[in-house]
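> Residues annotated as domain 'J' in TrEMBL: 3-82. The region 'Disordered' annotation in TrEMBL covers 59-80, 180-220. As annotated by TrEMBL, transmembrane segment applies to 145-165, 250-271, 291-310, 338-356, 398-419, 431-448, 478-499, 511-531, 551-576, 588-606, 626-657. Positions annotated as compositional bias 'Basic and acidic residues' by TrEMBL: 191-200. According to TrEMBL, the feature compositional bias 'Polar residues' maps to 211-220.
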Amino acid sequence: MADPHAVLGVQPGSSKAEIKAAFRKKAMRHHPDMHATASEEVKKAHDAAFRVLNESYQSLMEGGPRPGQRSYPGRSGYGRGGPYGGGADYNPFTSSYRSGTGSHYTGSHYSGWRQYQRRRGFDFQGLFRSVAGISRASAVAATTLGLLLAGGVVLLEPLAGVLWAQNNDGKLFSSIEEDYRRKQQQQEQQRQQERQRQQPREAAAAGLQEQVMSQPGKQQAGTQQAVVEAQRLEARAQETNLKALDGMRAVCSLWVVLVHCWMLWAVQLPYSALRDIGNASWLPWLATQGAVGADVFLVLSALLAMYHLLPVLEGSIGEGGSCWQAVLTYWRRRARRILPGYLLANVLIAVVFRTTPADLPLVARQARKAAHEGCPSGQATNLLFLTNTQSMMQACGAHFWTTAVAVHLYIALPLLLCALRPRLLGFRRRLVLTLAAAVVAGSAWRYWSASRISFFLPIRDRRLPEEEANLNTLLDAVYLPTLSRVTELAVGASLGLLLRSPSAISWVIRRPLLVSGTAFTFLSTYLVIVSNGNLYPPQDAPLLPVNASRFIAALLMYGGPYYACLVASILLALICRTDPLHAAAARLLSSRIWDLPAALSYYLYLFHEPLKFLLMRSAPQLLPHLAAQAPLMALAALTAATTAAGYGAAGACWLLLERGPCKPQTSL
């Protein structure tokens with residue numbers, strides 16, 4: 001048998017309380033309840049690792065062998081009644097033993113007759129000999145004491161009843177005592193749940209692996225192999241589920257490139273031609289919906305930030321340091337990932353957009369006006385991640401606003417988690433309430449921002465100055481600012497919290513129809529809304545009422561609560577693979593063909609806009625000519641050329657920053 005002290009990570013001579021605490025900390029990762037929905041292979045691997053932990057725990061708690069001592073004869077180390085010790089319902093986190101019938105015996109061991117029965121079995125002669133060994137004097141003393149206590153109870157019980165009736169409202173003492181006992185049990189259950197949440201499985205597994213790997217000798221080979229195999233299987237299963245998010249990010253980055261190319265292509269054609277093309281082809285419709293890619297990007301950013309931060313701030317990784325030190329580490333690693341490519345993109349913009357608009361061809365001036373009107377005077381707002389605080393016409397690189405929102409999230413979310421005190425009881429409850437309040441506040445802010453400006457819907461011919469000004473006013477109010485994205489950032493963070501809550505995600509996985517139904521409901525509603533809405537409404541179409549326009553802009557426009565719930569429900573269905581359609585989509589997004597596009601998606605987003613401007617500047621007459629002769633081919637050619645140039649620059653930057661001398665040492 002492996003050294004129980006080394007397996008549990010305690011010193012010889014440790015108290016039972018220390019042994020129990022160490023066992024709770026180590027056992028969370030491999031307990032069967034944590035893997036109820038896993039495959040049989042994963043369950044067996046975790047069962048093997050948990051048996052070793054349980055053997056060591058039982059050996060130390062019941063006076064088992066210490067280093068240099070032999071084991072007690074006849075003790076298997078697993079306990080009675082089940083493969084994990086203490087019965088099939090044994091729960092190491094509650095310090096209680098439960099039989100198959102559901103009865104509870106609290107405490108770390110049995111007592112009285114059940115202790116005798118558990119240790120030696122039913123032996124009436126042995127029990128009689130133990131009773132007969134009591135001396136006569138001891139028997140007389142015990143009998144006298146018992147009679148005195150019984151007499152006192154008989155005499156004092158009526159008096160106690162009279163005093164209680166005189167000083168109380170007639171409520172029975174038994175009912176009050178029962179209420180108090182029930183309240184104590186509820187509080188104890190809450191404390192037990194909080195203890196489970198404060199000890200994440202990743203930290204426990206890391207400590208367990210460190211202890212096991214440090215044990216030399218052949219006797220530890222079985223334990224080490226079981227733990228390593230369990231970790232490998234769980235990591236593979238988790239990677240399979242979350243890997244679809246990388247494919248989703250790659251698809252959305254391409255979708256954003258398409259919508260940005262459509263913005264330039266649409267101003268090359270008369271509005272009547274756009275209406276005919278939009279009503280006859282799906283490509284313009286798909287391009288206009290590319291703004292959903294920004295919603296997916298921001299929800300994913302919040303999801304992954306919460307997913308990575310929770311175990312660091314709650315678990316034992318931060319032991320010996322403060323919460324703020326963990327936050328500084330997170331910021332440093334995020335800066336290594338974001339800043340180098342971001343600075344290169346700003347250098348490219350500073351070089352490309354130094355030409356004055358008067359010296360540019362018409363199509364190049366249109367490309368500059370679409371997203372780089374404020375260059376190079378607004379370059380400082382880019383460097384300080386303030387692009388999303390100014391009007392679109394004042395920004396230099398308007399597409400950088402999503403990066404600014406993500407950076408604001410990376411700065412604010414760790415501070416919020418530290419302020420909620422992750423190592424105190426009730427942290428998860430406080431976090432849930434805070435995220436719910438953020439959803440409500442973000443929705444209220446969007447409606448307030450939409451109600452204080454003057455705009456009209458629908459938006460028609462953008463070549464008209466009043467229509468373009470109307471669109472820019474609406475985007476500056478409820479689309480670009482960080483505060484307008486609080487709702488979807490909070491929803492994304494809530495999804496990350498759900499994935500880090502074993503009981504909650506188990507509840508979700510056991511209800512696939514609910515998750516699938518929710519995702520399909522949002523998706524079908526979205527398709528109905530965008531299909532019934534006219535992509536290019538007639539110029540004489542009546543305007544919507546003011547309140548209806550405000551409601552649409554606040555709740556149903558991109559970045560609002562509706563799109564946040566739409567993206568979150570689809571991501572959850574993909575992660576859990578709740579139905580054949582989402583399972584097939586998850587397998588497709590998890591395939592290796594998306595590995596490189598996913599790795600280049602951040603750099604593609606940064607570089608594609610200035611590179612599109614360079615393409616327009618190098619061949620200024622090509623796009624207008626193609627748009628007049630073959631409009632859809634012009635849109636496809638512009639998108640393909642911009643994507644190819646963007647991936648070329650992104651690949652070079654990725655090789656330099658991720659695979660070259662500037663490669664980050666660690667990642668989070």
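Every residue gets a Cβ built from N, Cα and C, even glycine.
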> Are there residues at least six beyond either end of the transmembrane segment (588-606) with Cβ under 8 Å to its Cβ atoms? List them, or say none.
240, 243-254, 256-257, 338, 341-342, 344-345, 399-400, 402-403, 574, 643, 646-647, 649-651, 653-654, 658
> What residues in the same chain, six or more past the boundaries of the transmembrane segment (291-310), come closer than 8 Å to it by Cβ-Cβ distance?
200, 245, 248-249, 251-253, 255-256, 259, 330, 402, 405-406, 409-410, 413-414, 417, 422, 485, 488-497, 499-500, 558-559, 563-564, 566-568, 571, 668
> Please check if the transmembrane segment (478-499) comes into contact with the transmembrane segment (626-657), where contact means 3 or more CB pairs closer than 8 Å and the residues in each pair are separated by 6 or more positions.
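Answer no, regions not in contact.
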> Looking at the stretches 398-419, 431-448, 551-576, which one shares the most CB pairs under 8 Å with the transmembrane segment (511-531)?
551-576
> Among 338-356, 398-419, 551-576, 626-657, point out the range having the most Cβ pairs under 8 angstroms from the transmembrane segment (431-448).
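Result: 551-576.
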> Need one number: mean pLDDT over the domain 'J' (3-82).
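On average, pLDDT over the domain 'J' (3-82) sits at 68.
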